[in-house]
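Listed in Swiss-Prot for this protein:
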type: TOPO_DOM; residues: 1-28; note: topological domain 'Extracellular'
type: TRANSMEM; residues: 29-53; note: transmembrane segment
type: TOPO_DOM; residues: 54-64; note: topological domain 'Cytoplasmic'
type: TRANSMEM; residues: 65-87; note: transmembrane segment
type: TOPO_DOM; residues: 88-102; note: topological domain 'Extracellular'
type: DISULFID; residues: CYS101-CYS230; note: disulfide bond
type: TRANSMEM; residues: 103-124; note: transmembrane segment
type: TOPO_DOM; residues: 125-147; note: topological domain 'Cytoplasmic'
type: TRANSMEM; residues: 148-167; note: transmembrane segment
type: TOPO_DOM; residues: 168-239; note: topological domain 'Extracellular'
type: CARBOHYD; residues: ASN178; note: N-linked glycosylation site
type: CARBOHYD; residues: ASN207; note: N-linked glycosylation site
type: CARBOHYD; residues: ASN215; note: N-linked glycosylation site
type: TRANSMEM; residues: 240-259; note: transmembrane segment
type: TOPO_DOM; residues: 260-520; note: topological domain 'Cytoplasmic'
type: TRANSMEM; residues: 521-545; note: transmembrane segment
type: TOPO_DOM; residues: 546-551; note: topological domain 'Extracellular'
type: TRANSMEM; residues: 552-575; note: transmembrane segment
type: TOPO_DOM; residues: 576-638; note: topological domain 'Cytoplasmic'
type: REGION; residues: 618-638; note: region 'Disordered'
Amino acid sequence: MSRDIFMKRLRLHLLFDEVAMVTHIVGDVLSSVLLCAVVLLVLVGNTLVVAAVATSRKLRTVTNVFIVNLACADLLLGVLVLPFSAVNEIKDVWIFGHVWCQVWLAVDVWLCTASILNLCCISLDRYLAITRPIRYPGLMSAKRAKTLVAGVWLFSFVICCPPLIGWNDGGDGIMDYNGTTATPIPVTTTQTPVTGRDDVLCDNGFNYSTNSNMNTTCTYSGDSSLSTTCELTNSRGYRIYAALGSFFIPMLVMVFFYLQIYRAAVKTISAYAKGELKTKYSVRENGSKTNSVTLRIHRGGRGPSTGSSVYRHGSTYGGSAAGAATREGCGDKDAAGGRRFGRQEMDSHLPVRKCRSSDASLVTLTGLKCEIIDNGNAKHGPISELIKGRGKSFFWRKEKKRSVGGERESFENSTRNGRSTRAKLCGGRCLAIETDICSSGECSPRTKRIKEHARATQHNSLPVTPSLSSQNEETDAVFVRGTSNSEYKPRRSRLSAHKPGHAMRLHMQKFNREKKAAKTLAIIVGAFIMCWMPFFTIYLVGAFCENCISPIVFSVAFWLGYCNSAMNPCVYALFSRDFRFAFRKLLTCSCKAWSKNRSFRPQTSDVPAIQLHCATQDDAKSSSDIGPTASGGNGGYT
């Protein structure tokens, strides 16, 4: 009878063992598939990022220096750390020896910290690009970017090296970067089961045997010399040091930079909303039709926007100005007060660089008032009084533009009722000049050639490239439409001016690209916090409470941090058109042909050229060709 009971218990015990074994196998298979998928995503995704930048010159920007460095850190993590972590997680025992345990853990923290600090550098780069667009090329040059990259790797090593030189919890085992100990596992252990049950299971990698006394003996089935486990040490000081240096301080830095980027975005949108004011009407003066000036101000600097007040006060006069025939030089002072101006002073006047001339007269347009210097005699007063009977001219200014080619100049000529207009960029800003070219109906041969050239080209616009670029260019620009009572209607060119709101739309399109980059940065930072916050929180809690965290929770948080290295390339592919295009080309094996067909364009090539024309409302549908000196290839000036 007792023997039958013993056999029933034995069969029940074997059934429980089989169920537990099947469950354990299924769990191992699912864990293996999931962990292998993470490892493959890290390897493939970051390899694509590095290959995309290597094969596309368009992607070789300063920002992408940090992105490539981030991808390299994650790629090395996928090669040197993750495969061993996956095996250790699945087998639940370290089988690669004591020495590699130490190296593996040190490399793990080094690469993880480098990945986190690279995200911090990307946030810094975007912060400078968006909040300081003019100074950005000087602040974040290629040399400084490489210096930051070197600093990332050096600081990461400083975080991982203290345990290697003795900062640990005093244990006898091998210390890793976090002070983990590699402890040998006993070859055999004896466990006493619960009374009446003999379903004790051994750890993974051990075999069990049950004797007649119902005691279970677990015996390691592998090489006893390799049976080690790498466990985190309880060195409280180092855990705090590593958690702050590897995660919490970089996280605060990234959050600060992103908040500043968000504030800059909101501020710029508000400035554009205030600057997009339009006045369209006409008045009768002495029986002739006079059109009002339409002025837009786009502000990109600090301080409150004053563009709208400038517009309201300066949009009621009809703007026409006569000027000098010969330009000899440019000054650095504004026309009204003889002093430099700030962006916040636009509500009082519209500054330009005064162009000195050797003869005739010079006109400088400054807000409500105009100054005419006629053969050395200066006259001040409203524009409508000073320009009566002088015909049509126009004025516009553009802040200095930094570009690869440096400062450029552009000229234009046009003919209005026997008068020639010639405009030239003056130190980055432009003043339109109008002069008489014929006297008593007689024109010199040179003058005739000028007139013929003017009629042939009929220039009435100057190309400019104002933008919100975070890389190279200033964002202040003022556009003024002049007035005329002439019947001049130049022919339209496909490169000429567009409708009044076109410039604003182009500005906003460029700014939308900047907002998209900021949104991508927000997603990257959010993914970073979501992935690493659980692990480092548990890591700190473990320093004060050893048994508060279950092994399963620790493993999930541990691998969630690794998932961040797999998510970064996915974010680039989803939100970056250039990276998405490069990935598609690489995956379709057409990288070589694509690289040959793609010509190099600097990062500012995305900025569209804006052609502005100067015409009355009667001529709203008219515009002219771009002059022979204007470059249509890059949206700039020759």
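Any Cβ shown, glycine's included, is placed from N, Cα and C.
Using a 10 Å Cβ-Cβ cutoff, CYS230 (disulfide bond) registers 24 neighbours. Residues 63, 66-67, 69-70, 73-74, 76-77, 80-81, 84-85, 96, 148-149, 152-153, 155-157, 159-161, 163-164, 176-178, 180, 230, 242, 245-247, 250, 253-254, 257-258, 521, 524-525, 528, 532, 561, 564-565, 568 of the same chain lie 6 or more positions beyond the ends of the transmembrane segment (103-124) yet place their CB under 8 Å from a CB of it. Within 10 Å of the C-beta of CYS101 (disulfide bond) we count 24 further C-beta atoms, all protein chains included. When secondary structure is read from DSSP and collapsed to three states, CYS230 (disulfide bond) falls in the strand class. In this structure, CYS101 (disulfide bond) is part of a helix by DSSP.
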